[in-house]
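Enquirer: Provided herewith is a single structure, encoded as structure tokens, for subsequent inquiry.
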Amino acid sequence: MVDAFVGTWKLVDSKNFDDYMKSLGVGFATRQVGNMTKPTTIIEVNGDTVIIKTQSTFKNTEISFKLGVEFDETTADDRKVKSIVTLDGGKLVHVQKWNGQETSLVREMVDGKLILTLTHGTAVCTRTYEKQA
């Protein structure tokens, strides 16, 4: 089921990313850079391990995990979090927890595009990615 997400994805649209970053406590300068950055996300599967690489002019990150198994993650904004990723109804649901807080990153396929919905408290951001050839 994760196979539907495999590929190289380029950000083409972003809504409310600044509000989401503000909610997380990301500083002004980093938010300015984050808002201008158009990252590429590469999703790979190797056996039962999923690898998600995010590449941009600002920062490159990589996580690898097994579905349903908690792992330690350092986010692009340098938060140290406990993460778990599950498949739920065709959606890849990634939950990060730290310091009593929680954020979710939900990836789903809609009309051949990868839609990433980021939620922290009342802040909801939608980012749309198109598959690269």
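Here the Cβ of each residue, glycine as well, is placed from N, Cα and C on the backbone.
So Swiss-Prot says this about it:
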type	residues	note
MOD_RES	VAL2	N-acetylvaline
MOD_RES	THR8	phosphothreonine
MOD_RES	TYR20	phosphotyrosine
MOD_RES	SER23	phosphoserine
MOD_RES	THR30	phosphothreonine
MOD_RES	SER83	phosphoserine
BINDING	ARG127, THR128, TYR129	(9Z)-octadecenoate binding site
BINDING	ARG127, THR128, TYR129	octadecanoate binding site
BINDING	ARG127, THR128, TYR129	hexadecanoate binding site
Enquirer: Nearest to TYR129 ((9Z)-octadecenoate binding site) by Cα distance: which of the modified residues VAL2, THR8, TYR20, THR30, SER83 is it?
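Expert: Spatially nearest to TYR129 ((9Z)-octadecenoate binding site) by Cα position is THR8.
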Enquirer: At the level of the C-alpha atoms, what whole-angstrom distance separates VAL2 (N-acetylvaline) and ARG127 ((9Z)-octadecenoate binding site)?
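Expert: One finds 19 Å between the Cα atoms of these residues.
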Enquirer: Could you check which of the recorded positions SER23, SER83, ARG127 is the closest Cα neighbour of THR30 (phosphothreonine)?
Expert: SER23
Enquirer: Cβ within 8 angstroms of the Cβ centroid of ARG127, THR128, TYR129: which residues besides those meet this for the (9Z)-octadecenoate site?
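Expert: After dropping the recorded site residues, what remains is TRP9, LEU11, VAL12, ASP13, SER14, LYS113, LEU114, ILE115, LEU116, THR126, GLU130.
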Enquirer: At 10 angstroms around each C-beta, which of the recorded positions SER83, THR128 has the fewest other C-beta atoms nearby?
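Expert: Checked SER83, THR128; of these recorded positions, fewest Cβ neighbours within 10 Å: THR128.
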Enquirer: For a quick check of packing: other C-beta atoms within 10 Å of the C-beta of SER23 (phosphoserine), how many?
Expert: 19
Enquirer: In the three-state scheme derived from DSSP, which category covers the residue listed as 'N-acetylvaline'?
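Expert: It is helical.
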Enquirer: Give me the Cα-Cα distance between SER23 (phosphoserine) and THR128 ((9Z)-octadecenoate binding site), rounded to a whole Å.
Expert: 20
Enquirer: Going by C-alpha positions, which of the modified residues (THR8, TYR20, SER83) is nearest ARG127 ((9Z)-octadecenoate binding site)?
Expert: TYR20
Enquirer: Taking only the modified residues THR8, TYR20, SER83, which one has a CA atom nearest to the CA atom of THR128 ((9Z)-octadecenoate binding site)?
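Expert: Nearest listed residue in space: THR8.
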Enquirer: So how many other Cβ atoms are close to THR30 (phosphothreonine), meaning within 10 Å of its Cβ?
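Expert: Step by step: centre on the Cβ of THR30 (phosphothreonine), count other Cβ atoms within 10 Å, giving 15.
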Enquirer: Return only the integer: C-alpha distance in Å from TYR20 (phosphotyrosine) to SER83 (phosphoserine).
Expert: 18
